[in-house]
Amino acid sequence: MAKINTQHSYPGMHGLSVRTTDEDIERIENGFIRTHSLCEDTSSELQRVISMEGRHLSGSQTSPFTGRGAMARLSRFVVSLRSWATRHLHHEDQRPDSFLERIRGPELVEVSSRQSNIRSFLGIREQPGGVNGPWPLARFNVNFSNNTNEDKKEEKKEVKEEKKEEKKEEKKEEKKDDKKDDKKDDKKDDKKKEEQKKEVFVIDPSSNMYYNWLTIIAAPVFYNWCMLICRACFDELQIDHIKLWLFLDYCSDIIYVFDMFVRFRTGFLEQGLLVKDEKKLRDHYTQTVQFKLDVLSLLPTDLAYLKLGLNYPELRFNRLLRIARLFEFFDRTETRTNYPNMFRIGNLVLYILIIIHWNACIYFAISKVIGFGTDSWVYPNVSIPEYGRLSRKYIYSLYWSTLTLTTIGETPPPVKDEEYLFVVIDFLVGVLIFATIVGNVGSMISNMNASRAEFQAKVDSIKQYMHFRKVTKDLEARVIKWFDYLWTNKKTVDEKEVLKNLPDKLKAEIAINVHLDTLKKVRIFQDCEAGLLIELVLKLKPTVFSPGDYICKKGDIGREMYIIKEGKLAVVADDGITQFVVLSDGSYFGEISILNIKGSKSGNRRTANIRSIGYSDLFCLSKDDLMEALTEYPEAKKALEEKGRQILMKDNLIDEEAAKAGADPKDLEEKIDRLETALDTLQTRFARLLAEYSSSQQKVKQRLARVETRVKKYGSGSLSVGEPEPEKPEEQKKD
């Protein structure tokens, strides 16, 4: 430990003498000594400062705290004591938070003892990254303005360096964040890729592709249902064409296998969307009964051929379990065909033939088991050449099956018990199945003739009416011809009746598909809004005119406009014979008269006679329907009126003075009518309110009367709020 010898002669001529070695000073400054006590730290610190001052004043007899620079030395001594006092304070490690660093500014960094002492004395905060070099004591005199300027410059440099470092750190953090974002994006992309991988190829059950596959799979199913029973019962058929049957059998098996893959990829709707997840598709199919039947239909029962031989096609009867595919094909075809009634009849006939075919094969098999020709019921003896042929065997069995199931004609009676049992079952099956089939056929035929019967009923009622009213023969003939034209050209369909079960959206789409192109041909509707055109399309009504019919006559009030769909119309003179112009498909007329354009010289009246040359199909749009549609489109109404006004001005058919004069008297009349209707509604509402008011007044009067009676009986005290009514005497209660 350093020893301190001081002479207490301050402020005398003798200075403080310190005896210590250089090694001790280095150990004290660098901290490579044992743990000191508080007194030892104080002594070593004082010795270090005083020795440094003693070196500068060596050879001088004056006191270190007197003379030139005394104040600076004294201040350094005081600062060294303060720095020593704060040396052992515990400094917390700061959080590596860039946000907090930006908020609270640059940090304070520990520097060498001399620099910290001097700067604390001057009140200067040093930023981190400062220069930790030695501070010459000679610079510190009374006038230390130069030192402060240099400190400020150094501080500015340090601040700049810190800002650069902060920017570098921020860039590094941004790079890290970008890398994290890139990793997140990569993860999202990987998830999307995984989802895309999950979405496998799916067949929409309502698509043409699925229907085409049903057509393919229906062929082997129908083959198995027709040929397996026939080959099992007629041995000659199986033996003579064994190679053909093997080829067809295994081709059908291959199609069966592919059909299972198709079922695994057949989508289904979940919440209105087609499911494309492989696992869901697989679970949806495997949980159905049809999956079990499909698996059973593919069991390799053909392996028994290796032991029993190839003459046992009944081993393949499990292939018949795919019958659901055949029914599904028939259902899809029925919804797609344009002739559903004809298809239903053909489908029922096919079912009848299959039932008769199976019954015939079973009859021949029973005859073979009992013995050919053993009695009159079984098939005759095959040893007879006439009955030994394969074609005769099948046709005879088919004939017997048809007679038995339809109960038409007589068949040989059964002899043995098993024969009786088989005939009884045949009769029951025939009665049940054929009663159902014949009933369905009858209803289908009646449905096919329903439209004709309904139309004929209308014609008959018109004939009876004309006969009752004694209509002329010429007019009656024209009416009958008009009905014949409607029937032959299939124009008897009431579109509203047919489309009434469809939603409004589909009705609009059908109407747009049928009538929109025709409506766009009209000049005033060419630039209209799409919504208005759709409204008008739904209001178009088809009409048919006979030869010689007048569509409109000159001077008639125009309440409709017409668009020619098919046929020819002629603009004729007053005599009805002279033709001025012939109008054909796509032409239109009467569009100006339904707009009520102010100043029109013709008003709303027709300006020409138009007559049908032959049968003509026209679309009619009434004025009321147009105005009803235009109520929701006021701007479109103004545009239509402006277009109509321009057309009239081109043809010099508008009176500009009348248009500028004001409203048309007819328009005023219409407004007056509307005001009258509004006034009527207001009067009814006022009468209702008046009745309610009078009833409420009566109730108030009744309540006031009751209050007055109570006041008279019990006095004013009974009217106090919250006070109960006085009890009535017992005599009054009895009364």
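Glycine is treated like the rest: Cβ placed from N, Cα and C.
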Next item on the list: Would you say whether Swiss-Prot puts Lys163 on the same side of the membrane as Val369?
Entry: no
Check: Which range out of 215-236, 293-311, 390-424 gives the transmembrane segment (343-366) the most CB pairs under 8 Å?
Finding: 390-424
Item checked: Considering the transmembrane segment (390-424), which listed stretch of 215-236, 247-267, 293-311, 317-335 counts the most C-beta pairs under 8 Å -> 215-236
Notebook entry, point to check: By a simple count, how many Cβ atoms lie within 10 Å of the Cβ of Gly644 (3',5'-cyclic GMP binding site), its own Cβ left out?
Noted result: 21
Item checked: Ranked first among 293-311, 317-335, 425-449 for CB pairs under 8 angstroms with the transmembrane segment (215-236) -> 317-335
Item checked: Model confidence over the topological domain 'Cytoplasmic' (1-214), averaged pLDDT -> 56
Next item on the list: Show which residues of the chain containing Ile564 (3',5'-cyclic GMP binding site), separated from it by at least 6 in sequence, have their CB under 8 Å from its CB.
Entry: Leu583, Ser584, Asp585, Gly586, Ser587, Tyr588, Ser616, Asp617, Leu618
